[in-house]
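One structure is given here, and the rest of the page talks about it.
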């Protein structure tokens, strides 16, 4: 791409800011849509079932209430599963897929319009259907899809919607917008714009720049305040008051004014928090191990079978979850004394709303007046309400109830994550961890006599420990939790807990998202390689068996190469021959290729001659004489070409193979790996575009007669270029020649064969490369490195080979 003129560059930057704002607003609106209907369906379900339970308590028809609950839940989960059948990539949280996309791997269909529709509608049905899933993970995926699609102003799902919008026709721009959309999704889910920006930086993007940070933060702010504005207006009727920052609200942690001994946390508590972090890491590693085994089982036994089997599995999970929730709420709960006062106070409207929410969500199934059923209060509520209960309810939960709730929730949420419905993992992990933290607080109060501790803090730290042990996020999760609690004093305990949980969990296995990425076989690049990998060089990991094209190549060769390979880029090369002048006489195609090679070889003397032409006024007579001599002289004879002499000395003459012959299985090793001078890289999409548009010339013509395409014409079909297999070959003359040199990248990043693997890795990751040619000291390409050559498994295999050969 050529640099834009100043005015165009300013307009481009202004449009980018407008698009970033629009992505934030649209992501906030998607969050509003999901939240509104989840709330609507959940309230409808619980109102009907709760009134049925109260009636049937007296009449003895609780089985009827269970059937009503099953009817609601199975219907909602069935609809969620159907939506995933329409678009399979909408299953799960979407965070592993977005992580792959931002790492540089294109997952098919991950950022399509159909995906976001199925994701948003599917997640509201799966959450309303009572499954132990959250809507926060899918919000991140939805935001990323909005970021990818909105700046394109076109969709493959709605082909009629197309605008002539000439901006952002490159993978780099699209990736930047996906980063902004993913951050906006986090910001909308948790009301944490800074946490969203850090999430996009920590978990997602491989390639980051300073300007992007500011745009991503702006996008996150737009998403947070769009959602806040509409939710505050709809729920409280106070438009413009901004009282509900995210889909998940932790409320305010505050000691009651009457209790002077109460502190949110003290230095002594840090010791308990570290121990909780260790236990959280162990629990998270156990969760990940069980879920990995389940995922492998599904890949072997569920996914190969008809799609209906996936729907049946989702319905089985829903059935089991509903029965467990209903029976546990009715049978296993204990009646606990209600708290007479709310500890959080009613200073503001939002605080009042929060405390009312905590008190109104108490369930009194089978309990006398002034008492409540603690198990039903946790199970028979939306997950967000249960989290608020554990964080802010002054009334006690029995240790037996908390233990049973944690165990059941742990097992069911582990089973649920991975079935064919859109499902997040943040909220189930937070609720599971909050129960664990509250259990620790109860035990410390009851059996050790530490009356000063604040149960809400321990519930929060438990939630952070378990979530950190499962997902292994550090800086972004710390900031997300601080922003969600709106309490900066929790910064230190949350950070310490998350660090300890991550270190403990990493001792056993990877985070849940990395596990699912590995199970899919995606070549994800980590932040850096291990130190011992520096024993390898670029020549150890490169692929020496190349598929290449020539600067001037016949159409039949291009079609053959494109149809028989799946590579996304091809080196543009010329062969080194000892008798090039003889070849030039015999064939116009070979002559064009050799002339291009001659013109592209840069020598110091030639560069000096070129510069001296513009230095006629230079006082040195020697330079003036050089200029005058150069005008009179012709191209130096072949024997004076030092580079060619060096090549002739190193290599014997090679078979007289014409460049329109693609590599053949009959070639000898010497023929297949003959030396090739490297001139650049050309993409598959560019070659297919040239063929589709008939960019070629005949052998009897000069290459200058070939039509020229502008950059706008080359990128017109982005991001879905035509497929070579859809090309009508009858429209092409196979003997015509394509000059690829105006369209190739003549100066791609390249490395020497002796480059350390760590340098190769850093260059590949920081510059967002997909192909890295390995070029030797005399300008010959000796191999190529792609993402697969830099994955941990590939490098480990090469290192083992290296040790064996020593």
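Every residue number used here counts from 1 along the chain in the order it is shown.
Glycine too: its Cβ is placed from the backbone N, Cα and C atoms.
Unlike curated records, TrEMBL annotations are generated automatically.
As stated in TrEMBL, the feature transmembrane segment covers range 400-419 out of the listed 400-419, 420-439, 500-519, 520-539. TrEMBL assigns the feature transmembrane segment to residues 264-288, out of the candidate ranges 139-163, 214-238, 239-263, 264-288. If you count C-beta pairs under 8 angstroms between the transmembrane segment (400-419) and each of 111-133, 177-200, 264-288, 308-332, 456-482, the highest count goes to 308-332. Note: the stretches the transmembrane segment (20-41) and the transmembrane segment (111-133) are in contact (3+ CB pairs below 8 A, sequence gap of 6 or more). At the 8 Å Cβ cutoff, the transmembrane segment (456-482) and the transmembrane segment (177-200) share at least 3 close pairs (sequence separation 6 or more) and count as touching. Helix, strand and coil counts from DSSP across the domain 'CBS' (744-805) read 28 helix, 15 strand, 19 coil.
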